[in-house]
Amino acid sequence: MGLLSDPVRRRALARLVLRLNAPLCALSYAAGVAWFLALAFPPLTQRTYMSENAMGSTMVEEQFAGGERARGWARDFAAHRRKAGALPAAWLERAMRSVGLEVYTQSFSRKLPFPDEAHERYMVSGTNVYGILRAPRAASTESLVLTVPCGSDATNSQAVGLLLALAAHFRGQIYWAKDIIFLVTEQDLLGTEAWLEAYHDVNVTGMQSSPLQGRAGAIQAAVALELSTDVVTSLDVAVEGLNGQLPNLDLLNLFQTFCQKGGLLCTLQGKLQPQDWTSVDGPLQGLQTLLLMVLQQASGRPHGPHGLFLRYRVEALTIRGINSFRQYKYDLVAVGKALEGVFRKLNHLLERLHQSFFFYLLPALSRFVSIGLYMPAVGFLLLVLGLKALELWMQLHEAGVGPEEAGGGPGPSPPVQPAQSVGLASLVAPLLISQAMGLALYILPVLGQHVATQHFPVAEAEAVVLTLLAIYAAGLALPHSTQRVVSARAPDRGWMALKLVAIIYLALQLACIALTNFSLGFLLAVTMVPAAALTKPCGPRPLYATLLVLTSPAATLLGSLFLWRELQEAPLSLAEGWQLFLAAVAQGVLEHHTYGAMLFPLLALGLYPCWLLFWNVLFWK
């Protein structure tokens with residue numbers, strides 16, 4: 001306490017902090033990036049293992065042999081779908097009843113906030129069909145779900161055929177202790193969301209649907225299946241859910257174990273897992289898979305029907321059959337046996353999956369990085385903001401100590417003048433105007449789409465995107481608006497106080513985001529932290545302005561799209577990247593209003609106003 005109460009020692013501490021601040025910030029930022037890149041290398045990446053004792057062994061004998069029956073049902077389903085032009089609900093009811101299931105249907109409808117040009121739909125309606133296999137050995141208190149989504153662009157016929165064949169096979173077994181629900185949804189994720197909301201008797205997205213006539217027990221786990229061919233070369237597993245949620249790692253380990261038992265090739269992010277982790281090539285390949293997962297999770301999109309189950313505390317995966325040029329081919333029997341093994345082991349659960357990790361990163365299916373090992377990466381980046389905030393606080397409260405005096409010099413020190421206080425009222429205007437711009441960015445694009453279409457030759461979806469971009473760009477005029485109402489008192493310290501508030505605001509946001517969605521928090525931190533630390537109204541202002549624009553939330557999204565396609569070995573041209581960026585913006589707004597994805601409101605109401613504060617600091621007069 002004596003160090004802080006003694007004015008001389010306090011000034012010496014301030015000089016030391018200011019002298020070492022820049023190298024410490026650079027070192028901390030480099031350490032955060034290096035730590036993240038090292039996550040794909042042992043020993044930071046560990047082998048996966050099964051934590052749930054009830055699922056620790058694969059000693060079950062899979063007896064599924066209904067491959068030909070599944071193919072026949074798939075052909076019939078495809079024929080009836082082409083004839084009806086929609087999901088053949090009546091045919092599905094008859095097929096499910098023929099194998100001994102309790103069959104129910106659910107109709108739903110949803111008016112989207114603006115037309116979905118990616119799927120060419122606006123007024124959406126459909127019918128979900130589901131059958132329940134009652135457990136013969138227990139009451140209907142718990143259940144499992146096997147679901148198949150059917151969209152307008154893909155029939156998913158083989159998945160429906162395999163679902164019916166598995167239902168017929170499961171119906172003949174007596175060891176089931178949980179109900180099994182076989183669900184076929186229409187309109188992709190919209191049908192899944194409608195069924196989940198009705199099953200749990202909630203309405204969080206404004207979906208209009210009929211109540212469910214039949215229910216099973218509390219859903220313990222779910223598997224979504226997507227197959228469009230009779231043979232597959234590999235099975236790709238999707239784990240990223242809505243707002244970056246992930247299923248319990250034991251569920252993924254269970255599926256991988258049965259794939260290994262049956263000799264099935266299993267991939268993650270479309271990438272084969274490395275075989276040799278002792279050389280550099282294996283971890284480098286794992287780093288590509290890790291980066292793909294980070295980009296997918298940061299988007300906050302549900303990358304399959306399983307992503308909507310996670311919202312309701314239901315552990316779920318989406319399994320996609322891939323038919324590529326690889327040599328080895330597997331038929332529906334091999335896929336069915338793997339699913340049978342998974343459901344038989346889930347049938348042994350006495351409680352929900354909880355013993356393994358819910359927060360992790362995957363460089364491969366057989367390797368994972370736990371939350372305790374990847375959080376230091378974002379911690380080092382946030383330390384930069386803490387150091388800069390400490391520097392600004394020292395400059396504001398220690399009179400006569402500035403960056404030019406940090407080195408100190410021989411000779412007597414001049415008399416120290418008391419620090420001139422900065423009125424908090426001078427910071428209210430930029431804060432309020434920045435938040436108002438964020439609120440306009442969130443509300444006006446969807447609210448004013450009809451006005452835009454009446455005055456300009458654009459469609460509703462284009463009007464939403466163009467209005468959003470126009471409001472985003474209009475924020476660049478913010479300094480000229482705020483300077484008219486900001487008090488001129490202590491102008492040299494006004495920008496320091498504003499930057500201090502902006503840095504604390506940014507650090508709190510990034511910390512909260514990283515706790516729930518590490519991938520999004522890290523991507524935003526690695527881009528926004530350098531510009532936030534360097535921005536000031538003196539010095540090379542054009543360089544700082546360019547850095548701020550290149551690290552803005554919109555530029556981060558654009559750069560992430562280019563990186564994502566580069567990692568998928570399908571690079572984009574500038575024109576293709578811009579079109580993909582516009583489509584991603586439209587989908588982000590639409591998924592927020594449709595499913596509750598939080599990326600758009602986080603950027604519009606939180607990070608964009610915070611970025612505008614730094615823009616205001618840069619052009620402070």
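In case you wondered, yes, glycine gets a Cβ from its N, Cα and C as well.
Quick look at what TrEMBL lists:
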- 20-41: transmembrane segment (TRANSMEM)
- 357-385: transmembrane segment (TRANSMEM)
- 422-444: transmembrane segment (TRANSMEM)
- 456-478: transmembrane segment (TRANSMEM)
- 498-531: transmembrane segment (TRANSMEM)
- 543-564: transmembrane segment (TRANSMEM)
- 598-620: transmembrane segment (TRANSMEM)
Range from 20-41, 357-385, 498-531, 543-564 with the greatest count of C-beta pairs under 8 A to the transmembrane segment (422-444): 498-531
Highest-contact recorded stretch vs the transmembrane segment (456-478), from 20-41, 357-385, 498-531, 598-620, CB pairs under 8 Å: 598-620
Annotated stretches the transmembrane segment (20-41) and the transmembrane segment (598-620) touching (3 or more Cβ pairs under 8 Å): no
Same-chain residue ranges lying at least 6 outside the transmembrane segment (498-531) that approach it to Cβ under 8 Å: 29, 32-33, 36, 243-244, 293-298, 300, 359, 361, 371, 374-375, 377-378, 381-382, 384-386, 388-389, 392-393, 396, 427, 430-431, 544, 547-548, 550-551, 553, 555-556, 559-560, 599, 602, 606-607, 610-611, 613-614, 616-617, 620
Within-chain partners of the transmembrane segment (598-620) [C-beta distance under 8 Å, separation at least 6 from its ends]: 243, 298-300, 430-431, 433-435, 437-439, 441-442, 472, 475-476, 478-480, 482-483, 491, 494-495, 498-499, 501-502, 505-506, 509, 513, 520, 524, 528, 531-532, 535-537, 541, 544-545, 548, 552-553, 588-589, 591-592
